[in-house]
Amino acid sequence: MAKKKQKRILFLGILSLVFLYPVIYMLVCSVWEGRNAGISLMGYYEVLLESPGYLIKFWRSLGMCLLIAGGQTVLACMAGTAFAKYRFIGKKFWLFVMALFMILPVQVTLLPNYILMEKLGFLNSWKSLIIPGIFSPFGTVWLTFIFQSIPDEWLEAARLDRANQLQIVRYIVVPASKPAVVTLFVLTFVESWNMVEQPIIFLEGELDYPLSVFLASVMENSMAVQSVCGLLCLIPVTFFFLYYHKELTDGLRDILWS
């Protein structure tokens, strides 16, 4: 057993190095200016001090992604509770429709979303990215199956204590399914943080582009600047994965079992 455990640890260690190699490579390139120049922090200086536009886009993109992830999680929790714990006409039909939308790739929904945003007058603004982003058929369907495991007696007891529907969702449903809710939030944040096609189509001015699209403009700069921008872009995603690693482990396991 001890040998098997050692082999498993060795295998996981090697696998971790394989996944960390791109990050290590960017970290080295961010401070390495060549054999003649040696180690230098000019890349960080150029990005953080000489290019204020990068930091502005960083914080704006972070705020946008938090709005998308938060809004999508809240709506999915409310819709999932309705589908899991309440009876209404067409419940199975609409749940089936949402399951069908999960099959559609993002590219298929770009044109309908573009037409809708144009009619609403939201093109060339971040509303065209936030509003479509907060609706998630995957989150609703998945949380519906997760919430079905919550005993109905808990909700009945809350109603006897005169709790309204929002209080039931906030204080009973969400805490009882915290790993799934946190996992949905983090996965939505990562997806919105990395989106490229939607900003290019819905936004015209480069000044309005989020950080994911802005990174393409630094490809003409030095390797150090490119690496610094890439490393800074990893900070929010790395933070969420490290801070919520326990909930993510349980939530991803629920995805595989549900």
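Glycine residues also receive a Cβ, built from the backbone N, Cα and C atoms like all the rest.
Copied from TrEMBL, the annotated features are:
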TRANSMEM  9-28  transmembrane segment
TRANSMEM  58-81  transmembrane segment
DOMAIN    58-244  domain 'ABC transmembrane type-1'
TRANSMEM  93-117  transmembrane segment
TRANSMEM  129-147  transmembrane segment
TRANSMEM  168-190  transmembrane segment
TRANSMEM  223-244  transmembrane segment
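Within the same chain, the transmembrane segment (58-81) stays apart from the transmembrane segment (9-28): fewer than three Cβ pairs sit under 8 Å, each pair at least 6 residues apart.
Among residues of the same chain six or more beyond the transmembrane segment (223-244), those with a C-beta under 8 A of the stretch's C-beta atoms are 23, 26-27, 29-33, 40, 42-44, 46-47, 54, 58, 62, 65, 182-183, 186, 189-190, 193, 211-212, 215.
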